[in-house]
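Participant: Just dropping this structure here.
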Amino acid sequence: MSKNVVVIGTQWGDEGKGKIVDWLAESVQGVVRFQGGHNAGHTLWINGKKTILRLIPSGIMHPGVTCYIGNGVVLSPEALLKEIEELEAAGLDVRSRLQISEICPLILPYHVAVDKAREARKGESKIGTTGRGIGPAYEDKVARRALRVQDLFTPDIFDAKLDEVLDYHNFVLTQYLGAQAVSANEVRDQAMALAPAIKPMVRDVSSSIFLAQQQGARFLFEGAQGALLDVDHGTYPYVTSSNCVAGAASAGAGVGPQSLDYVLGITKAYTTRVGSGPFPTELLDEVGSRLATVGKEFGSVTGRPRRCGWFDGAALKRSVRLNGISGLCITKLDVLDGLEKLQLGVGYRVNGEFRDVLPYGAHAVAQAEPVLEELPGWSESTVGVTEYSKLPLNARRYLERVAEVCGVPIDLVSTGPDRNETIVLRHPLKG
């Protein structure tokens, strides 16, 4: 029986992690975000009502669960408070159940300005960021010039750090990117105005989790984006700016690796990608359009259409190795309903040689020609099915082949957006 579970996206994000974290949260006492920022969009459907969470962990929908934003997250005070107000307007108690690490790096207006100016300058060669300042905020962290949450409550320190970092960013904005400078006074005034609302939620999150675990509390560690967007292991440079793999939960939440008992990998029954970057199994035909339409494949944060393709088992195999995945959750199986034939990626041809795992780097992936295996589809509906035996025979065969190619058992199958539309083969927290 696992006490603590890490939930990771195994593809290029948008795998349906939010629903699964929300479903699992009823069995834990705490849910922790450990990387990313408000570029993540976790969509939950509960009793037919849609909720999108960007910063706040998906466990916030459960009254008895405490939610934590760990030090690995880059935090926009403005975005955080807006999200809190939206949830409170829906009747949720948020502030008494949310703890924010005092050492989270802040996202401030100059990060957004730099992010947008860079993408505009790159034109067609742009990475495809969300334009929310995530990358520049992580750059400041690594360059040791970041302002952090704790700095909001010591104005003298905040001012000194702000003047120094803004000298740098305004030079880049005006002299290199050809954009307007950002006003230090405006940044300072906005931050100081928001600080009092944030202060009651600020904690030493690492210690809070440690002490709760000593009392027997169970935790979910909620990943954002997906392993193939990891800044080290993804299709670099078409990646996000943080580590999205399971190992990042330890550093990004401030917990020891022995606290992580089980890794649940979330994957769609097909593959999607937002923005630029190589995508070996991408479909540019009617089938791809059908997957996008039926699957409602539009980004929950940006609204951008997602590119769609066949399930890529060789890419998933890379995620399995990177994350030490204990079991898989297959989402959006119902989107494949009605397709007469399916294709499943089992490897690639790279310079005439067969490879059974996604190569490293965007250039190498762009050269990879997918090796596809054809499987029969099914005409029956899988929407809302909650028992594995009631799935169509060919749907079960498809899932079995997915598990075989990836080398990991399937523990959960999602057959619809609502938390109850889930097939449980093995419960990650109950064995």
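Just so it is clear, glycine is given a Cβ too, placed from its N, Cα and C backbone atoms.
Positions annotated as GTP binding site by Swiss-Prot, on the basis of sequence analysis: 13-19, 41-43, R306, 332-334, 414-416. The Mg(2+) binding site annotation in Swiss-Prot covers D14, G41. Annotated IMP binding site per Swiss-Prot: D14, E15, G16, K17, N39, A40, G41, H42, T130, R144, Q225, T240, R304, in sequence order, evidence recorded as sequence analysis. Taken from Swiss-Prot, the feature active site, proton acceptor applies to D14. The active site, proton donor annotation in Swiss-Prot covers H42. Swiss-Prot lists S300, V301, T302, G303, R304, P305, R306 with the feature substrate binding site, giving sequence analysis as the kind of evidence.
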Participant: DSSP secondary structure for K19 (GTP binding site), reduced to helix/strand/coil, please.
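Facilitator: Reduced to three states, the DSSP call for K19 (GTP binding site) is helix.
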Participant: Among all the protein chains here, how many other CB atoms are within 10 A of the CB of T130 (IMP binding site)?
Facilitator: 22
Participant: Looking at the binding-site residues G13, K19, L333, which has the shortest Cα distance to Q225 (IMP binding site)?
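Facilitator: The answer is G13.
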Participant: If you count other Cβ atoms within 10 Å of each one's Cβ, which of the binding-site residues K19, R304, R306 has the most?
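Facilitator: Answer returned by the neighbour count: K19.
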Participant: Where N39 (IMP binding site) and G16 (GTP binding site) are concerned, what is their Cα separation in Å, rounded?
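Facilitator: It is 15 Å, counting Cα to Cα.
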Participant: Roughly how many angstrom lie between the C-alpha atoms of G16 (GTP binding site) and G41 (Mg(2+) binding site)?
Facilitator: 10
Participant: Counting other CB atoms within 10 A of each CB, which of the binding-site residues G13, G41 comes out lowest?
Facilitator: G41
Participant: May I ask for the distance between G303 (substrate binding site) and T415 (GTP binding site), taken between their Cα atoms and rounded to an integer number of Å?
Facilitator: 23
Participant: Over all shown protein chains, what is the count of other CB atoms within 10 A of the CB belonging to L333 (GTP binding site)?
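Facilitator: Other Cβ atoms within 10 Å of L333 (GTP binding site): 23.
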Participant: According to DSSP, collapsed to three classes, what secondary structure does L333 (GTP binding site) have?
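Facilitator: Where L333 (GTP binding site) sits, the three-state DSSP reduction gives helix.
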Participant: Measuring CA to CA, name the entry from the binding-site residues D14, T130, R304, P305, R306 that ends up nearest L333 (GTP binding site).
Facilitator: D14
Participant: Could you tell me which three-state DSSP class G13 (GTP binding site) falls into?
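Facilitator: For G13 (GTP binding site) - judged by DSSP and reduced to three states - the answer is coil.
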Participant: Identify, among the binding-site residues Q225, T415, the residue whose Cβ has the fewest other Cβ atoms within 10 Å in this structure.
Facilitator: T415
